[in-house]
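Working notes, structure below.
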Amino acid sequence: MSTESMIRDVELAEEALPKKTGGPQGSRRCLFLSLFSFLLVAGATTLFCLLHFGVIGPQREEFPKDPSLISPLAQAVRSSSRTPSDKPVAHVVANPQAEGQLQWLNRRANALLANGVELRDNQLVVPSEGLYLIYSQVLFKGQGCPSTHVLLTHTISRIAVSYQTKVNLLSAIKSPCQRETPEGAEAKPWYEPIYLGGVFQLEKGDRLSAEINLPDYLDFAESGQVYFGIIAL
């Protein structure tokens with residue numbers, strides 16, 4: 001009921017009462033009705049304001065109404081957090097002792113293979129069909145720039161059970177050097193990270209690999225800088 005309706009009801013009630021002139025009883029009744037009307041209007045106005053400005057009422061978790069405002073990775077993480085924990089997941093890290101190659105390891109404190117995912121021949125084997133978030137990061141490090149142009153590549157590939165051909169799913173190329181370090185000049189260090197990530201429909205038995213072209217430039221100074229993984233959505 002609106003505030004205006006309440007005021008009209010009170011006024012009609014006052015008009016319906018028998019009017020008495022003079023005397024202390026009539027004065028007390030008028031005072032009582034005036035006080036009651038004021039409290040009723042004040043209470044209704046306060047309730048209306050509280051409801052209107054959302055001070056009271058049901059609390060709802062607010063998210064952007066437009067799904068496009070939420071990043072794909074955020075949507076994937078939110079969806080995964082609401083599902084059972086028996087979905088396939090893997091996170092493997094690079095072996096810092098493997099010289100001249102990028103070798104993935106799962107028997108480490110910061111690595112994980114769960115719910116059917118296997119690491120076989122340096123590839124992740126998908127245990128079941130579905131949508132997967134695939135990701136990988138590498139970090140390159142060098143000292144100075146040689147005369148030959150340095151091109152660093154990082155690629156995630158898939159060999160499907162339906163067709164035994166390697167197909168690139170994600171790939172990136174970076175060049176850390178714009179020009180050669182002049183002779184006699186100080187060779188300054190450079191760093192180049194490359195991150196890849198995307199969502200793909202995979203089949204049971206698919207094999208996934210994450211590879212680079214120049215493993216000698218990999219930086220293993222800190223644990224967890226080079227990794228590869230999948231998460232079933």
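Cβ atoms here come from the backbone N, Cα and C positions, even for glycine.
Here CYS177 is paired by Swiss-Prot through a disulfide bond, and of CYS49, CYS145 its partner is CYS145.
Along the topological domain 'Cytoplasmic' (1-35), the predicted structure has mean pLDDT 56.
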